Every structure is written in C-alpha cells, then in structure tokens.
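Okay, structure first, notes after.
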Amino acid sequence: MPFEFSVNVGRRNVRPSCGARMDFLVLFLFYLALVLIGVVTICICSKTHYLKGLVRGGAQIISYITPECLQRTMLKLLHYLFHTRNHTFILLHLILQGMVYSEYTWEIFDYCQELEFSLHYLLLPYLLLIVNLVFFMLSCVSNPGTVTKANELLFLQVYEFDEVMFSKNMKCSSCNLRKPARSKHCSVCNRCVHRFDHHCVWVNNCIGAWNARYFLLYLLTLTASAATMAVVSTVFLVQLVVVSDLYLETYVDDLGHFQVIDIVFLIQYLFLTFPRIVFMLGFVIMLSFLLGGYLCFTLYLAATNQTTNEWYRGDRAWCQHCPHVARPPSAEPQVHRNIHSHGLWSNLREIFLPATAHYERKKI
C-alpha cells in the first residue's frame with residue numbers, strides 16, 4: 001500500500017498520499033540550475049562581443065518569424081521599460097515583496113508560532129523589511145549627484161583625470177557641460193551624474209556619488225531579508241520532520257519493495273503537503289543566491305573604488321578600445337589602471353561620506 005502519513009500542526013491536519021516518486025523536484029532543480037547558469041554566463045560574457053553577437057543574431061531570427069506590428073509594439077514596450085523613467089519596476093518590486101511577505105505571514109509565521117518558535121526570530125524578516133524599504137525609498141528619491149552649471153567646477157576638482165578613460169576638457173554633447181572625471185551622461189534620466197555607477201530600473205534612478213551608500217545598504221538588507229526568510233522556512237520544515245518522525249518512516253516503491261525515506265522523497269512529500277511553502281522557499285533561496293552574488297560584486301567595486309561603468313568599460317583593456325581618446329598611430333597603447341583606490345577604509349569612507357555631499361545641503 002502507498003505510504004501515508006498525517007502531519008498535524010495545531011488546527012491544521014494534512015493527510016497526503018505519496019505513491020510513485022515524482023519528477024517535479026528534478027525539473028525544479030534543473031530550472032534553478034539553468035537560471036543560475038544563465039546569470040553567470042551573462043555576467044561573464046557581458047564584457048565581450050559574444051553576448052552582443054548572440055543578442056543581435058537572436059533578434060534577427062525573431063524578426064523573421066514575428067509580424068512587423070508586433071515587433072513595433074515590443075520595441076515600444078522595451079523602450080518604455082528600459083529607456084525612459086517610469087515606475088513599472090518599482091511597482092513590480094513592491095508587489096513581489098508584498099506577495100513573499102504575505103505568504104510568509106500566512107503560512108510560516110502562523111505555523112512557527114504553533115511550534116513555539118522564538119518571536120524575535122520570527123520578527124527579524126519584518127525588521128529587515130522596514131530597514132530595506134527606508135533605503136529603497138532613499139535610493140529612489142535621492143539626488144545621485146547631478147552635474148549642473150552651479151556645481152560643475154566643484155565636481156571637476158574631486159577626481160583626477162587618468163587621460164585613458166576620462167580625459168580633461170571633455171564636454172557633454174547633451175548637457176553642454178565639462179565632464180568631471182568618473183562622470184557619465186545617463187540617456188534615461190538625461191543628465192550627467194558625478195561618479196556614475198549605473199542606472200537602476202528597480203529604483204527608477206541613477207546610482208552615483210550621493211546615493212551609492214543608500215543603494216548598497218538597500219541591496220544588503222534585501223539580500224539579508226531573503227536569506228533570513230529562507231533560513232526560517234528551512235528550519236520550520238526540518239523541525240516539522242523531526243517532530244513528526246517522518247524521517248523514520250518507510251514507503252513501498254513501484255516494485256513493491258520497502259524503502260527508507262531519502263532526502264529526495266522527503267522534499268517531494270513536503271512539497272505535496274506544503275506546496276506554497278516549498279515553492280516560496282525555492283524562490284527565496286534562488287533570490288538569495290542571485291542577490292548575494294550581486295552584493296559581493298557591489299562590495300568588491302566599493303572596496304576597490306570602482307564603479308560598474310568603469311568596471312565594464314575598463315576590463316584592464318588597451319586604450320585603443322576607448323573611442324574618445326585620440327593619439328598618433330605610432331603611440332604606445334596605454335592600459336587603464338584604477339588610480340582612485342586608496343585602501344579599503346578610505347574607499348568605503350568615500351562611499352558612505354562622499355566629499356561633495358555637503359554641497360547638496362548648502363545650496364539654496
């Protein structure tokens with residue numbers, strides 16, 4: 001007969017029946033592996049011409065099989081989402097966060113209280129959520145360090161020009177302002193940003209000298225909240241298995257043989273019993289890995305006093321890859337070097353206490 005086991009937690013009684021082993025776990029792990037491999041591949045290939053070639057080739061193939069009216073609609077949609085300032089991703093961010101925390105409150109929090117988990121332990125994700133929303137709002141609304149006529153001379157004195165990636169006396173063709181070292185014109189916001197890092201669609205704002213600290217803390221608390229929720233959910237499921245002695249049970253396989261429950265069967269059983277919890281757990285685990293990887297990359301940039309823009313453009317490449325640098329054909333190619341790093345603590349202090357942050361408070 002098939003394996004049956006009753007899990008009774010307070011007022012909830014779940015009595016599933018597990019017969020043949022299912023393949024959903026293998027498919028889920030395969031999907032998770034594909035997502036992670038895809039993200040890693042994009043990160044590796046983003047600084048090479050391979051990704052651009054693949055995107056260009058894929059776009060050509062799609063253009064052959066897609067009606068022209070649909071292509072125009074998709075291009076307009078993509079332009080709106082990624083090349084104009086809009087609140088779409090802010091709303092999507094808040095909706096996803098609300099859905100995850102609603103599921104955590106309705107399922108995990110309620111169950112864990114019945115299992116007498118520590119209340120401080122259960123409330124930690126909510127504390128991280130409050131802190132995260134504060135830094136999320138600051139990242140959205142704060143001035144990243146917009147270069148204007150009033151502060152142009154001030155910004156020109158902050159960083160040294162390396163004459164490789166950033167040259168003196170360069171003017172922004174859009175703003176008609178001299179470009180300070182480490183600045184860049186954002187085509188989405190239509191402004192030059194001091195110590196430009198990147199334009200983040202999730203906060204609908206540029207990340208620059210004046211809000212890099214808010215973005216870093218936002219990313220840190222978001223990663224911590226996802227990881228904490230994953231830990232609480234995992235501990236709950238483990239505690240449930242231990243309390244119910246589920247790991248001691250056996251089941252009858254397709255050949256009629258008794259088998260001891262292994263980890264794969266146990267996870268499949270938990271998925272059938274608590275599908276929403278296990279699905280949420282898989283989502284927050286994947287999110288923790290992705291956010292954790294990006295957080296490590298951001299911390300590396302902060303520790304070495306680099307920006308995402310400089311890392312992408314630099315690649316420790318030869319100077320001939322910089323189109324704005326003019327030199328005689330016989331000149332020796334120069335290598336881009338990071339001349340702005342002055343040690344770990346000095347670099348971090350520059351992130352959290354930018355030299356020109358007081359200007360924003362003093363201006364009238």
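Glycine is no exception: its Cβ is also placed from the backbone N, Cα and C atoms.
What TrEMBL records for 24-46 (among others) is transmembrane segment.
Here TrEMBL flags 80-101 (among others) as transmembrane segment. Below 8 angstroms of C-beta separation, residues 125-126, 129, 136, 140, 187-189, 201-204, 229, 280, 283-284 of the same chain, each at least six residues beyond the ends of the transmembrane segment (80-101), sit close to that stretch.
Positions annotated as transmembrane segment by TrEMBL: 121-141 (among others). Within its own chain, the transmembrane segment (121-141) has Cβ neighbours under 8 Å at 90, 93, 97, 101, 104, 108-109, 112-113, 200, 203-205, 207, 211, 214-215, 217-218, 221-222, 224-225, 228-229, 232, counting only residues six or more beyond its boundaries.
In the predicted structure, the domain 'Palmitoyltransferase DHHC' (168-313) carries a mean pLDDT of 89. As annotated by TrEMBL, domain 'Palmitoyltransferase DHHC' applies to 168-313.
Within the chain carrying the transmembrane segment (215-243), a Cβ under 8 angstroms from the stretch's Cβ atoms is held by residues 7, 9, 100, 104, 108, 111-112, 115, 117, 121-122, 124-125, 128-129, 131-132, 135-136, 138-139, 197, 200, 203, 207, 266, 270, 274, 277-278, 280-281, 284-285, 287-288, 291-292, 294-295, 298-299, 302, 351, all 6 or more beyond its ends. Annotation comment: TrEMBL describes 215-243 (among others) as transmembrane segment.
Positions annotated as transmembrane segment by TrEMBL: 279-303 (among others).
Same-chain residues lying 6 or more positions outside the transmembrane segment (279-303) and placing a CB less than 8 Å from one of its CB atoms are 28, 32, 35-36, 39, 43, 100, 103-104, 107, 197, 212, 216, 219-220, 222-223, 226-227, 229-230, 233-234, 237, 271, 311, 344, 347-348, 351.
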